[in-house]
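In Swiss-Prot this protein carries:
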| type | residues | note |
| --- | --- | --- |
| BINDING | Lys93, Glu113, Asp114, Ile115, Ile116, Thr117, Thr118, Gly119, Gly120, Ser121 | 5-phospho-alpha-D-ribose 1-diphosphate binding site |
| BINDING | Thr117, Arg145 | orotate binding site |
Amino acid sequence: MDLERIYRDAGAYLKGHFLLTSGNHSQFYLQSAKVLEYPQLAGRLADELARIIAAHGVEFDSVCSPALGGILAGYELARAAKKRFIFTERVDKVMTLRRGFEVKKGERFIVCEDIITTGGSALEAANIIKGLGGEVVGFAALANRGFCSLANLKNEAKSNCKLPSDVPLFALGNFEFEIYAPENCPLCASGSQAIKPGSRGN
C-alpha cells in the first residue's frame, strides 16, 4: 500500500510551516481528515491496519482513540476488527474519559491515532486505560512520523518518542519529516510564521 500516494492524491500531504500539537514546528503536515473524509478509503485503510495487527498475533477487546484526530481512524479500526470503540478527550487541557464510557478490569485495548508523531496523546489515553484497570496491548496509526519504532516496519525509535518500547506500534506507513523546536526553527528564522493546521483552511 502506497500511503504517501494516498495522502498526496487526497490533498492531505501539505507543505508549509506548521505548528504541531507537540509545540514543535515542521515544513510538512499530514492532514488525515482529507483522507478519512472518503468512507470507502477509510475502510480500506482500517482493514489493512487490522490485518497487520492480527498478523502479528496481537489480540484485543476494544479500541480507544484520543479526540479529535484519532476518532475516525480508531472507529474504523474497531469496525474492521469487530471490536468496541471508545475515545478520550481533553477537558481544560487534561485528557479524560467521559460520556459514560467504561473500561473493564483486564480489558485489552489498542490505542489508535490517525498520526503518531512523538505519541504523547496516545500515551495519555493509554495511561487513562491502565488507571481504570485496562491493559494496553498495542498502539496503532495510519501513519508514523518516524520518531517511534514500528513493529511491522522495523525503523529505529528516536529519543523523543514517548511510547513505551515494550508495547508494539503498528502503522501503514512511515514518514521521515524534520521537526524543529520553535527556538531552533529555520523557517521562523527566515521570517515565516507557523500555522496551526486547521486554523487557516489547512
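First residue shown is number 1, and so on along the chain.
Placement of Cβ uses the backbone N, Cα and C atoms for every residue, glycine included.
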Distance, Lys93 (5-phospho-alpha-D-ribose 1-diphosphate binding site) to Thr117 (orotate binding site) (CA atoms, angstrom): 19
Arg145 (orotate binding site): nearby binding-site residues from Lys93, Asp114, Ile116, Thr118, Cα cut-off 10 Å: Ile116, Thr118
Which of Lys93, Arg145, the listed binding-site residues, has fewest other Cβ atoms within 10 Å: Lys93
Surrounding CB atoms that lie within 10 Å of the CB of Asp114 (5-phospho-alpha-D-ribose 1-diphosphate binding site), all protein chains: 23
For Gly120 (5-phospho-alpha-D-ribose 1-diphosphate binding site), nearby residues of its own chain (Cβ under 8 Å, 6 or more apart in sequence): Thr21, Ser22, Lys162
Residues near Ile116 (5-phospho-alpha-D-ribose 1-diphosphate binding site) in space but at least six apart in sequence (CB under 8 A): Ala122, Phe139, Ala141, Ala143, Asn144, Arg145, Phe147, Cys148, Leu163, Leu169, Ala171
Binding-site residues compared (Thr117, Thr118) - highest count of Cβ atoms within 10 Å: Thr117
